[in-house]
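Asks: Structure below; questions to follow.
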Amino acid sequence: MSLLEINFDGIVGPSHNYAGLSFGNVASMRHAGAVSEPRAAALQGLDKMRSNLALGLTQGILLPHPRPHHAWLAKLGATIESADDTLAANAMSASAMWAANAATVSPDPDTADGRCHLTVANLRTMPHRSHEWPATLAQLQTAFASDVFTVHAPVPPAFGDEGAANHMRLAPSHGEAGVEVFVYGVSGGAFPARQHIEASRAIARLHGLDPDRVIFAEQSEEAIAAGAFHNDVVAVANERVLFAHEKAFADKQSLLDACERLVRGFEYVEVPDAEVPLADAVRSYLFNAQLVTPPDGQPTLIIPNEAQETPSVWRWVEAHVAGNGPIRRVEVVDVRQSMANGGGPACLRLRVVADPATVDQRFLVDEAALDRISEIIGRYWPEQIHHSELQNPALIQDVEAARGALLDGLGLGHG
Ligand SMILES: NCCC[C@H](NC(=O)CCC(=O)O)C(=O)O
(Lines of atoms letter the chains of each structure in order from A and count residues from 1; the text may use other names and numbers.)
(Lines give C-alpha, C1' and ligand atoms only; values in the text may rest on other atoms or scores of the structure.)
Protein backbone atom coordinates (compact mmCIF):
# COMPACT_ATOMS: atom_id res chain seq x y z
CA MET A 1 0.00 0.00 0.00
CA SER A 2 1.39 3.39 -0.92
CA LEU A 3 0.75 6.39 1.27
CA LEU A 4 0.49 9.72 -0.50
CA GLU A 5 -0.44 13.18 0.63
CA ILE A 6 -3.85 13.97 -0.86
CA ASN A 7 -5.12 17.55 -0.80
CA PHE A 8 -8.89 17.71 -0.43
CA ASP A 9 -10.03 21.16 -1.52
CA GLY A 10 -13.34 22.62 -0.43
CA ILE A 11 -15.39 23.59 -3.49
CA VAL A 12 -16.53 27.18 -2.99
CA GLY A 13 -20.27 27.08 -2.37
CA PRO A 14 -22.85 29.05 -4.37
CA SER A 15 -23.67 31.30 -1.40
CA HIS A 16 -20.11 32.68 -1.11
CA ASN A 17 -20.47 36.23 0.22
CA TYR A 18 -18.71 38.92 2.22
CA ALA A 19 -20.50 39.42 5.53
CA GLY A 20 -17.56 40.43 7.70
CA LEU A 21 -18.33 37.64 10.13
CA SER A 22 -14.84 36.80 11.38
CA PHE A 23 -13.64 39.22 14.02
CA GLY A 24 -9.83 39.05 14.06
CA ASN A 25 -9.62 37.99 10.39
CA VAL A 26 -8.55 41.29 8.87
CA ALA A 27 -9.51 40.42 5.27
CA SER A 28 -13.02 39.34 6.30
CA MET A 29 -13.44 42.51 8.36
CA ARG A 30 -12.13 44.73 5.56
CA HIS A 31 -14.46 43.26 2.91
CA ALA A 32 -17.66 43.31 4.96
CA GLY A 33 -20.52 44.31 2.65
CA ALA A 34 -18.55 43.93 -0.60
CA VAL A 35 -20.16 42.26 -3.61
CA SER A 36 -18.99 38.66 -3.97
CA GLU A 37 -18.59 36.56 -7.12
CA PRO A 38 -19.43 32.95 -6.23
CA ARG A 39 -18.97 31.60 -9.76
CA ALA A 40 -15.56 33.19 -10.21
CA ALA A 41 -14.61 32.10 -6.68
CA ALA A 42 -15.45 28.46 -7.34
CA LEU A 43 -13.69 28.49 -10.73
CA GLN A 44 -10.58 29.99 -9.13
CA GLY A 45 -10.61 27.08 -6.69
CA LEU A 46 -10.91 24.58 -9.53
CA ASP A 47 -8.01 26.20 -11.38
CA LYS A 48 -5.86 25.83 -8.29
CA MET A 49 -6.74 22.13 -8.26
CA ARG A 50 -5.85 21.88 -11.96
CA SER A 51 -2.43 23.40 -11.39
CA ASN A 52 -1.84 20.95 -8.54
CA LEU A 53 -2.80 18.04 -10.79
CA ALA A 54 -0.36 19.40 -13.37
CA LEU A 55 2.39 19.18 -10.74
CA GLY A 56 1.55 15.49 -10.41
CA LEU A 57 -0.21 15.78 -7.04
CA THR A 58 -3.23 13.71 -6.00
CA GLN A 59 -6.31 15.87 -5.62
CA GLY A 60 -9.56 15.41 -3.73
CA ILE A 61 -12.63 17.54 -3.10
CA LEU A 62 -15.01 18.34 -0.28
CA LEU A 63 -18.49 19.62 -1.02
CA PRO A 64 -20.37 22.81 -0.18
CA HIS A 65 -22.80 22.46 2.71
CA PRO A 66 -26.55 23.04 2.41
CA ARG A 67 -27.23 26.78 2.72
CA PRO A 68 -29.16 28.43 4.18
CA HIS A 69 -28.71 26.22 7.21
CA HIS A 70 -32.43 25.84 7.95
CA ALA A 71 -31.99 23.39 10.84
CA TRP A 72 -29.62 25.73 12.68
CA LEU A 73 -32.02 28.64 12.26
CA ALA A 74 -34.88 26.47 13.51
CA LYS A 75 -32.92 25.73 16.70
CA LEU A 76 -32.80 29.50 17.18
CA GLY A 77 -36.53 29.85 16.63
CA ALA A 78 -36.00 31.57 13.28
CA THR A 79 -36.35 30.99 9.55
CA ILE A 80 -34.29 32.53 6.77
CA GLU A 81 -37.21 34.87 6.10
CA SER A 82 -37.68 35.94 9.73
CA ALA A 83 -34.01 36.08 10.77
CA ASP A 84 -32.26 39.42 11.31
CA ASP A 85 -29.38 40.34 8.97
CA THR A 86 -26.63 38.87 11.09
CA LEU A 87 -28.38 35.58 11.78
CA ALA A 88 -29.23 35.25 8.09
CA ALA A 89 -25.60 35.88 7.09
CA ASN A 90 -24.47 33.27 9.61
CA ALA A 91 -26.86 30.74 8.07
CA MET A 92 -25.84 31.58 4.48
CA SER A 93 -22.05 31.49 4.90
CA ALA A 94 -20.07 29.34 2.46
CA SER A 95 -17.26 29.10 5.02
CA ALA A 96 -17.06 25.29 4.74
CA MET A 97 -14.93 25.99 1.62
CA TRP A 98 -11.95 26.40 3.97
CA ALA A 99 -11.26 22.71 4.32
CA ALA A 100 -8.17 23.27 6.48
CA ASN A 101 -10.70 23.91 9.24
CA ALA A 102 -12.73 20.77 8.58
CA ALA A 103 -10.71 18.40 10.75
CA THR A 104 -7.35 17.48 12.22
CA VAL A 105 -5.73 14.47 10.57
CA SER A 106 -3.19 12.02 11.98
CA PRO A 107 -2.09 9.53 9.32
CA ASP A 108 -1.56 5.89 10.17
CA PRO A 109 2.24 5.92 10.65
CA ASP A 110 1.68 8.19 13.67
CA THR A 111 -1.13 6.40 15.48
CA ALA A 112 -1.14 3.55 18.03
CA ASP A 113 -3.72 1.47 16.16
CA GLY A 114 -2.24 2.05 12.71
CA ARG A 115 -5.37 3.77 11.41
CA CYS A 116 -5.64 7.25 9.99
CA HIS A 117 -7.61 9.36 12.49
CA LEU A 118 -9.64 12.44 11.62
CA THR A 119 -11.34 14.62 14.24
CA VAL A 120 -13.90 17.06 12.90
CA ALA A 121 -13.36 20.62 14.19
CA ASN A 122 -16.05 22.18 16.38
CA LEU A 123 -15.23 25.72 15.16
CA ARG A 124 -17.09 26.99 18.16
CA THR A 125 -15.60 30.51 18.26
CA MET A 126 -17.41 32.00 15.25
CA PRO A 127 -21.19 31.48 15.03
CA HIS A 128 -21.20 31.02 11.24
CA ARG A 129 -18.57 28.30 11.52
CA SER A 130 -19.93 26.61 14.65
CA HIS A 131 -22.71 24.94 12.67
CA GLU A 132 -20.46 23.42 9.99
CA TRP A 133 -19.45 20.30 11.86
CA PRO A 134 -22.49 18.01 11.39
CA ALA A 135 -22.29 18.28 7.57
CA THR A 136 -18.50 17.93 7.69
CA LEU A 137 -18.79 14.83 9.87
CA ALA A 138 -21.32 13.26 7.48
CA GLN A 139 -19.10 13.99 4.50
CA LEU A 140 -15.91 12.66 6.08
CA GLN A 141 -17.77 9.54 7.18
CA THR A 142 -18.66 8.95 3.53
CA ALA A 143 -15.29 9.86 2.03
CA PHE A 144 -13.31 7.91 4.64
CA ALA A 145 -15.69 5.01 5.28
CA SER A 146 -13.00 2.35 4.83
CA ASP A 147 -11.79 0.70 8.02
CA VAL A 148 -8.31 2.14 7.62
CA PHE A 149 -9.82 5.42 8.85
CA THR A 150 -11.45 6.47 12.11
CA VAL A 151 -13.53 9.63 11.91
CA HIS A 152 -14.21 11.26 15.29
CA ALA A 153 -16.99 13.69 16.14
CA PRO A 154 -15.76 17.09 17.40
CA VAL A 155 -14.37 17.58 20.88
CA PRO A 156 -16.95 19.20 23.17
CA PRO A 157 -17.48 22.91 22.49
CA ALA A 158 -16.10 23.89 25.89
CA PHE A 159 -12.77 23.93 24.06
CA GLY A 160 -12.31 25.65 20.70
CA ASP A 161 -10.88 23.59 17.87
CA GLU A 162 -10.27 24.90 14.34
CA GLY A 163 -8.74 21.80 12.80
CA ALA A 164 -5.70 21.33 10.61
CA ALA A 165 -5.07 25.07 10.27
CA ASN A 166 -3.43 24.83 13.71
CA HIS A 167 -1.69 21.51 13.19
CA MET A 168 1.58 20.72 11.44
CA ARG A 169 3.14 17.37 10.73
CA LEU A 170 6.86 16.90 10.26
CA ALA A 171 8.33 13.63 9.00
CA PRO A 172 11.33 12.53 6.92
CA SER A 173 8.73 11.66 4.27
CA HIS A 174 4.92 11.51 4.31
CA GLY A 175 4.77 7.73 4.71
CA GLU A 176 7.08 7.59 7.74
CA ALA A 177 6.24 8.15 11.40
CA GLY A 178 5.98 11.86 12.04
CA VAL A 179 5.95 14.44 14.77
CA GLU A 180 2.70 16.33 15.15
CA VAL A 181 2.79 19.95 16.24
CA PHE A 182 -0.39 21.41 17.71
CA VAL A 183 -0.38 25.20 17.81
CA TYR A 184 -2.78 26.87 20.24
CA GLY A 185 -3.53 30.41 21.26
CA VAL A 186 -3.75 31.83 24.77
CA SER A 187 -4.24 35.48 24.05
CA GLY A 188 -4.65 37.44 20.85
CA GLY A 189 -4.77 40.96 22.18
CA ALA A 190 -8.06 42.44 20.95
CA PHE A 191 -8.80 39.31 18.90
CA PRO A 192 -9.95 35.88 20.05
CA ALA A 193 -7.58 32.90 20.31
CA ARG A 194 -9.57 30.31 18.36
CA GLN A 195 -7.55 27.16 19.13
CA HIS A 196 -7.47 26.01 22.75
CA ILE A 197 -4.77 23.75 24.13
CA GLU A 198 -7.37 21.53 25.84
CA ALA A 199 -8.87 20.69 22.45
CA SER A 200 -5.45 19.97 20.95
CA ARG A 201 -4.56 17.68 23.86
CA ALA A 202 -7.85 15.83 23.47
CA ILE A 203 -7.21 15.25 19.78
CA ALA A 204 -3.69 13.93 20.43
CA ARG A 205 -5.22 11.43 22.91
CA LEU A 206 -8.13 10.47 20.65
CA HIS A 207 -5.75 9.83 17.75
CA GLY A 208 -3.51 7.60 19.86
CA LEU A 209 -0.39 9.67 19.21
CA ASP A 210 2.82 8.82 21.01
CA PRO A 211 3.16 11.57 23.68
CA ASP A 212 6.90 11.65 23.00
CA ARG A 213 6.23 12.63 19.39
CA VAL A 214 3.71 15.39 19.99
CA ILE A 215 4.59 19.06 20.48
CA PHE A 216 2.23 21.73 21.79
CA ALA A 217 3.38 25.19 20.78
CA GLU A 218 1.79 28.49 21.68
CA GLN A 219 1.06 30.93 18.89
CA SER A 220 2.49 34.37 19.62
CA GLU A 221 0.01 36.92 20.88
CA GLU A 222 1.54 39.45 18.51
CA ALA A 223 0.77 37.24 15.50
CA ILE A 224 -2.89 36.76 16.50
CA ALA A 225 -3.22 40.47 17.18
CA ALA A 226 -1.80 41.19 13.71
CA GLY A 227 -4.51 39.03 12.11
CA ALA A 228 -3.04 35.51 12.22
CA PHE A 229 -6.33 34.06 13.46
CA HIS A 230 -5.00 30.58 12.59
CA ASN A 231 -1.39 29.37 12.73
CA ASP A 232 -1.47 28.64 8.99
CA VAL A 233 -1.43 32.38 8.36
CA VAL A 234 2.16 32.50 9.66
CA ALA A 235 3.58 28.97 9.31
CA VAL A 236 3.39 25.84 7.18
CA ALA A 237 5.21 22.49 7.33
CA ASN A 238 5.88 19.80 4.79
CA GLU A 239 7.91 16.65 5.42
CA ARG A 240 11.23 17.79 7.00
CA VAL A 241 10.66 21.53 6.45
CA LEU A 242 9.06 24.10 8.71
CA PHE A 243 8.51 27.46 7.01
CA ALA A 244 7.48 30.24 9.39
CA HIS A 245 7.55 33.90 10.18
CA GLU A 246 10.01 34.95 12.89
CA LYS A 247 7.12 36.05 15.10
CA ALA A 248 4.80 33.07 14.59
CA PHE A 249 5.42 31.36 17.92
CA ALA A 250 5.50 32.46 21.55
CA ASP A 251 8.55 30.31 22.30
CA LYS A 252 10.25 29.59 18.99
CA GLN A 253 13.41 28.13 20.46
CA SER A 254 11.68 25.34 22.40
CA LEU A 255 9.75 24.37 19.30
CA LEU A 256 12.88 24.29 17.14
CA ASP A 257 14.83 22.32 19.76
CA ALA A 258 12.08 19.70 19.90
CA CYS A 259 11.90 19.46 16.09
CA GLU A 260 15.70 19.11 15.85
CA ARG A 261 15.61 16.30 18.38
CA LEU A 262 12.63 14.43 16.90
CA VAL A 263 12.74 14.93 13.11
CA ARG A 264 15.60 13.42 11.13
CA GLY A 265 16.97 16.04 8.71
CA PHE A 266 14.77 18.82 10.11
CA GLU A 267 15.10 22.15 8.29
CA TYR A 268 13.74 25.47 9.46
CA VAL A 269 13.15 28.28 6.99
CA GLU A 270 12.48 31.54 8.80
CA VAL A 271 11.36 34.80 7.31
CA PRO A 272 12.71 37.63 9.49
CA ASP A 273 10.37 40.42 10.54
CA ALA A 274 12.98 42.93 9.36
CA GLU A 275 12.55 41.64 5.79
CA VAL A 276 8.83 40.85 5.82
CA PRO A 277 6.96 42.62 8.62
CA LEU A 278 4.11 40.64 10.20
CA ALA A 279 1.56 42.96 8.56
CA ASP A 280 2.93 42.12 5.09
CA ALA A 281 2.93 38.41 5.90
CA VAL A 282 -0.73 38.61 6.92
CA ARG A 283 -1.77 40.79 3.98
CA SER A 284 0.03 38.65 1.40
CA TYR A 285 -0.61 35.19 2.90
CA LEU A 286 2.95 34.11 2.05
CA PHE A 287 2.66 31.37 4.68
CA ASN A 288 -0.86 30.35 3.78
CA ALA A 289 0.85 28.44 1.05
CA GLN A 290 0.70 24.86 0.07
CA LEU A 291 4.19 23.52 0.61
CA VAL A 292 4.24 20.26 -1.32
CA THR A 293 6.59 17.66 -2.69
CA PRO A 294 5.50 16.73 -6.22
CA PRO A 295 6.71 13.45 -7.76
CA ASP A 296 9.78 15.23 -9.19
CA GLY A 297 10.95 15.75 -5.59
CA GLN A 298 11.26 19.56 -5.86
CA PRO A 299 9.67 21.14 -2.75
CA THR A 300 7.17 23.62 -4.17
CA LEU A 301 5.46 26.59 -2.54
CA ILE A 302 2.02 27.44 -3.92
CA ILE A 303 1.27 31.04 -3.02
CA PRO A 304 -1.50 33.51 -3.89
CA ASN A 305 -1.14 36.46 -6.31
CA GLU A 306 -1.18 38.78 -3.32
CA ALA A 307 2.22 37.40 -2.25
CA GLN A 308 3.72 38.29 -5.61
CA GLU A 309 2.18 41.75 -5.37
CA THR A 310 3.63 42.52 -1.93
CA PRO A 311 7.15 43.89 -2.62
CA SER A 312 8.82 42.76 0.62
CA VAL A 313 7.40 39.26 0.23
CA TRP A 314 8.28 38.80 -3.41
CA ARG A 315 11.82 40.02 -2.74
CA TRP A 316 12.19 37.37 -0.06
CA VAL A 317 10.75 34.65 -2.30
CA GLU A 318 13.03 35.48 -5.23
CA ALA A 319 16.10 35.58 -3.03
CA HIS A 320 15.23 32.24 -1.41
CA VAL A 321 14.65 30.44 -4.69
CA ALA A 322 17.80 31.97 -6.23
CA GLY A 323 19.82 30.77 -3.23
CA ASN A 324 20.14 27.20 -2.11
CA GLY A 325 17.10 27.12 0.18
CA PRO A 326 14.87 24.08 0.70
CA ILE A 327 11.99 25.58 -1.36
CA ARG A 328 12.93 24.90 -4.97
CA ARG A 329 9.90 26.08 -6.93
CA VAL A 330 7.15 28.66 -6.53
CA GLU A 331 3.71 28.52 -8.15
CA VAL A 332 1.43 31.57 -8.02
CA VAL A 333 -2.33 30.97 -8.00
CA ASP A 334 -5.35 33.26 -8.19
CA VAL A 335 -7.74 32.65 -5.30
CA ARG A 336 -8.65 36.32 -4.84
CA GLN A 337 -12.30 35.71 -4.03
CA SER A 338 -11.40 33.42 -1.14
CA MET A 339 -8.49 35.65 -0.10
CA ALA A 340 -10.89 38.56 0.40
CA ASN A 341 -12.46 36.51 3.19
CA GLY A 342 -9.10 35.54 4.66
CA GLY A 343 -8.74 32.15 2.98
CA GLY A 344 -5.59 31.45 0.95
CA PRO A 345 -4.36 28.37 -0.92
CA ALA A 346 -3.68 26.46 2.30
CA CYS A 347 -7.05 27.32 3.89
CA LEU A 348 -8.82 25.76 0.95
CA ARG A 349 -7.34 22.31 1.44
CA LEU A 350 -7.30 19.48 3.98
CA ARG A 351 -4.26 17.24 3.77
CA VAL A 352 -4.73 13.52 4.28
CA VAL A 353 -1.83 11.10 3.99
CA ALA A 354 -3.43 7.85 2.84
CA ASP A 355 -3.55 5.27 0.08
CA PRO A 356 -5.88 6.88 -2.51
CA ALA A 357 -7.43 3.45 -3.17
CA THR A 358 -8.93 3.50 0.36
CA VAL A 359 -10.81 6.78 -0.22
CA ASP A 360 -14.35 6.91 -1.68
CA GLN A 361 -13.46 7.56 -5.33
CA ARG A 362 -16.20 10.17 -5.75
CA PHE A 363 -14.06 12.48 -3.62
CA LEU A 364 -10.97 12.20 -5.88
CA VAL A 365 -10.70 14.24 -9.06
CA ASP A 366 -8.79 14.24 -12.32
CA GLU A 367 -8.94 16.79 -15.17
CA ALA A 368 -12.09 15.24 -16.63
CA ALA A 369 -13.92 15.40 -13.28
CA LEU A 370 -12.88 19.02 -12.84
CA ASP A 371 -14.24 19.78 -16.33
CA ARG A 372 -17.62 18.32 -15.32
CA ILE A 373 -17.67 20.27 -12.05
CA SER A 374 -16.66 23.44 -13.83
CA GLU A 375 -19.50 23.02 -16.31
CA ILE A 376 -22.03 22.73 -13.44
CA ILE A 377 -20.56 25.75 -11.65
CA GLY A 378 -20.65 27.78 -14.87
CA ARG A 379 -24.30 26.92 -15.30
CA TYR A 380 -25.64 27.20 -11.73
CA TRP A 381 -23.40 29.32 -9.47
CA PRO A 382 -24.62 32.91 -8.99
CA GLU A 383 -22.40 35.45 -10.68
CA GLN A 384 -22.67 37.99 -7.87
CA ILE A 385 -24.15 38.29 -4.40
CA HIS A 386 -24.82 41.66 -2.82
CA HIS A 387 -24.80 41.48 0.94
CA SER A 388 -28.31 42.96 1.06
CA GLU A 389 -29.65 40.03 -1.00
CA LEU A 390 -28.91 37.21 1.42
CA GLN A 391 -32.57 36.70 2.33
CA ASN A 392 -33.88 37.12 -1.18
CA PRO A 393 -36.07 34.07 -2.02
CA ALA A 394 -34.88 33.94 -5.64
CA LEU A 395 -31.23 33.85 -4.52
CA ILE A 396 -31.98 31.17 -1.94
CA GLN A 397 -33.66 29.05 -4.56
CA ASP A 398 -30.66 29.43 -6.89
CA VAL A 399 -28.20 28.56 -4.14
CA GLU A 400 -30.11 25.41 -3.18
CA ALA A 401 -30.56 24.33 -6.81
CA ALA A 402 -26.86 24.89 -7.54
CA ARG A 403 -25.69 22.61 -4.76
CA GLY A 404 -28.27 20.00 -5.76
CA ALA A 405 -26.97 20.02 -9.34
CA LEU A 406 -23.38 19.54 -8.16
CA LEU A 407 -24.24 16.64 -5.86
CA ASP A 408 -26.26 14.98 -8.61
CA GLY A 409 -23.39 15.47 -11.04
CA LEU A 410 -20.98 13.79 -8.63
CA GLY A 411 -23.30 10.90 -7.84
CA LEU A 412 -23.57 12.04 -4.22
CA GLY A 413 -27.35 12.53 -4.08
CA HIS A 414 -28.89 15.37 -2.12
CA GLY A 415 -27.38 14.46 1.28
N1 LIG B 1 -8.82 29.23 7.13
C2 LIG B 1 -9.42 30.44 6.59
C3 LIG B 1 -10.72 30.70 7.22
C4 LIG B 1 -11.34 31.99 6.83
C5 LIG B 1 -12.68 32.21 7.48
N6 LIG B 1 -13.30 33.41 6.95
C7 LIG B 1 -14.62 33.64 7.15
O8 LIG B 1 -15.31 32.87 7.74
C9 LIG B 1 -15.18 34.94 6.59
C10 LIG B 1 -16.67 34.91 6.45
C11 LIG B 1 -17.28 36.26 6.20
O12 LIG B 1 -16.84 37.25 6.73
O13 LIG B 1 -18.26 36.30 5.41
C14 LIG B 1 -12.53 32.28 8.99
O15 LIG B 1 -12.26 33.36 9.51
O16 LIG B 1 -12.67 31.25 9.64
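Any Cβ shown, glycine's included, is placed from N, Cα and C.
Taken from TrEMBL, the feature active site covers E162, H230. Residues or ranges marked as active site, nucleophile by TrEMBL: C347. Under the heading substrate binding site, TrEMBL lists 19-28, N101, 128-129, R194, D232, N341.
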Asks: Looking at Cβ-Cβ distances, which residues of the chain lie under 8 angstroms from F23 (substrate binding site) while being 6 or more apart from it?
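Replies: Listed in sequence order: M29, M126, F191, P192.
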Asks: What count of other C-beta atoms do you get within 10 angstroms of the C-beta of D232 (substrate binding site), across all chains shown?
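Replies: Around the Cβ of D232 (substrate binding site), 27 other Cβ atoms lie within 10 Å.
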Asks: Just to be sure I understand the contacts, which recorded positions have a Cβ under 6 angstroms from any atom of ligand 1? Candidates are F23, A27, E162.
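Replies: If the test is a Cβ under 6 Å from any atom of ligand 1, the answer is none.
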Asks: According to DSSP, folded down to helix, strand and coil, what is the residue listed as 'active site, nucleophile'?
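Replies: Once the DSSP labels are grouped into three classes, the residue listed as 'active site, nucleophile' ends up as coil.
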Asks: Can you tell me which of the recorded positions L21, N25, N101, E162 is spatially closest to C347 (active site, nucleophile)? Compare CA atoms only.
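Replies: Of all the candidates listed, N101 is nearest in space.
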Asks: For L21 (substrate binding site), just count the other CB atoms lying within 10 A of its CB, please.
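Replies: Its Cβ has 20 other Cβ atoms within 10 Å.
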Asks: Where among the binding-site residues N25, N101 do you find the Cβ with the fewest other Cβ atoms within 10 Å?
Replies: N25
